[in-house]
Amino acid sequence: MIVKQTEFIKSATKPAHYPEGNLPEIAFAGRSNVGKSSLVNVLVNRKNLVRTSSTPGRTQLINFFQVNDDFMLVDLPGYGYAKVPLAVKKEWRPMMETYLSKRRNLRGVVLILDIRRTPTEEDLQMLAWLRAFSVPPIVVITKCDKVSKNERARQSAVIMEKMQLKKEELNYFSALSKEGKDAVWARIDALLSPAAAETTEISGDPAPSAPVND
């Protein structure tokens with residue numbers, strides 16, 4: 001996809017605040033400090049469309065950005081940051097669960113993992129959540145420039161085993177070298193296609209234990 005324009009539309013915490021209209025949505029999710037902001041900024045050719053907070057866990061809203069006239073890019077709160085107050089964490093779960101389980105515009109979620117880190121329980125729970133709601137995941141492994149080829153292979157094996165993923169489901173990315181940018185866009189474009197829209201349905205199944213978001 002050639003990105004000509006990207007603009008912030010609004011923030012939301014509940015369905016009444018979501019943007020109106022029928023534009024399809026691709027959401028981005030991952031732990032705090034996993035490189036989500038850098039990934040989004042590289043994809044849309046912007047330096048600071050999505051800003052990295054100086055304090056992990058500060059992002060508490062679902063943020064909607066319109067890309068061209070084609071789709072909404074949705075920035076979800078990061079999860080897994082231990083210092084966020086418990087009361088705030090409890091507010092985030094229903095917000096996230098409602099969006100992922102009920103939002104009809106949602107076509108898929110880019111689930112972001114750090115190549116240097118073993119997937120956490122929150123990562124496993126997020127993937128289980130997406131599967132339970134029949135939301136297609138795009139798994140993107142970030143910060144690949146920070147490890148050797150051998151370490152990438154070792155960590156990939158760990159990720160595939162823990163998350164029950166196949167090799168072809170992993171998409172490697174580096175914000176520094178732009179490795180993987182085209183591949184990630186290809187995955188997104190596939191989910192935005194009319195054929196994908198006909199097969200993507202939001203399930204009403206009960207949610208598994210969900211990650212607490214930061």
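Using the three backbone atoms N, Cα and C, a Cβ is placed for every residue, glycine included.
Features as listed in Swiss-Prot:
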| type | residues | note |
| --- | --- | --- |
| BINDING | 30-37, 57-61, 75-78, 142-145, 173-175 | GTP binding site |
| BINDING | SER37, THR59 | Mg(2+) binding site |
| DOMAIN | 22-194 | domain 'EngB-type G' |
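If you measure from the Cα atom of SER37 (Mg(2+) binding site) to that of GLY30 (GTP binding site), you get 10 Å.
Each of the binding-site residues GLY30, ASN33, SER37 was scored by other CB atoms within 10 A of its CB, and the lowest score goes to ASN33. The candidate set comprises the binding-site residues LYS36, LYS143. Of these, LYS36 has the most other Cβ atoms within 10 Å. Around LEU61 (GTP binding site), the C-beta neighbours below 8 angstroms that are at least 6 residues distant in the chain are SER11, ALA12, THR13, PRO77.
Around the Cβ of PHE173 (GTP binding site), a 10 Å sphere holds 25 further Cβ atoms from the protein chains shown. Within 10 Å of the Cβ of PRO77 (GTP binding site) there are 24 other Cβ atoms, across all protein chains.
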